[in-house]
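These come from Swiss-Prot:
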ACT_SITE  Asp11  active site
BINDING   Asp11, Asp142  Mg(2+) 1 binding site
ACT_SITE  Glu71  active site
BINDING   Glu71  Mg(2+) 2 binding site
ACT_SITE  Asp142  active site
Amino acid sequence: MALSVRILGIDPGLRRMGWGVIRVEGSRLSAIAHGVVTPPTAAPLSERLMHLFNSVGDLVRQHGPDEAAIEEAFMAANAASALKLGHARAAAMLAPARAGLPVAEYAARLVKKSVVGTGAADKAQVAAMVGILLPGTKATADAADALAIAICHAHHRRATSLGSAA
């Protein structure tokens, strides 16, 4: 029987942070859980970041992932928005790192290409493919993106391990 690995995928954001946990057994993928963390919008930035950090820590304790993956920051037209997204990414990355988990980072285009086959896929296409790759999974756009990040990591960790075995 193949070794089972749990991966926590994170789609960072200050308003909505998508998350998803998948199980990988050989080439089989299955969804464990997914959802969205919504920090209080009226709270100061520091409190919203603490909410994200604590929520991801709770997810790590509840679902026991072996590894985590998060979407890389992209260059936004608004520098202030990009900086705040960077803060959210850091808060989300610290919780699994503190628990001793490796945290991988993937560009959005690579995630889309891994799941849909094209880096230019839209959110609806990503969500549709997540539903196909993880049958029975009905996720919101943010949670589907997080599951896609976890799937991307599963594909890349498998390719890396196959490459090292050659």
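Placed from the backbone N, Cα and C atoms, the Cβ positions cover glycine too.
The shown structure was predicted, so the numbers you read here are calculated from the model rather than taken from an experiment.
Where Swiss-Prot records a feature, it is marked here on the structure.
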residue: Asp11; record: active site; DSSP (3 states): strand
residue: Glu71; record: active site; DSSP (3 states): strand
residue: Asp142; record: Mg(2+) 1 binding site; DSSP (3 states): helix
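For Glu71 (active site) paired with Asp11 (active site), the C-alpha to C-alpha distance reads 6 Å. In this structure the C-alpha atoms belonging to Asp142 (Mg(2+) 1 binding site) and Asp11 (active site) are separated by 7 Å. Within 10 Å of the C-beta of Asp142 (Mg(2+) 1 binding site) we count 24 further C-beta atoms, all protein chains included.
Shown in sequence order, Met17, Gly18, Trp19, Ile70, Glu71, Asp142, Ala143, Asp145, Ala146, Ile149 are the residues of the chain, 6+ apart in sequence, with a C-beta less than 8 angstroms from the C-beta of Asp11 (active site).
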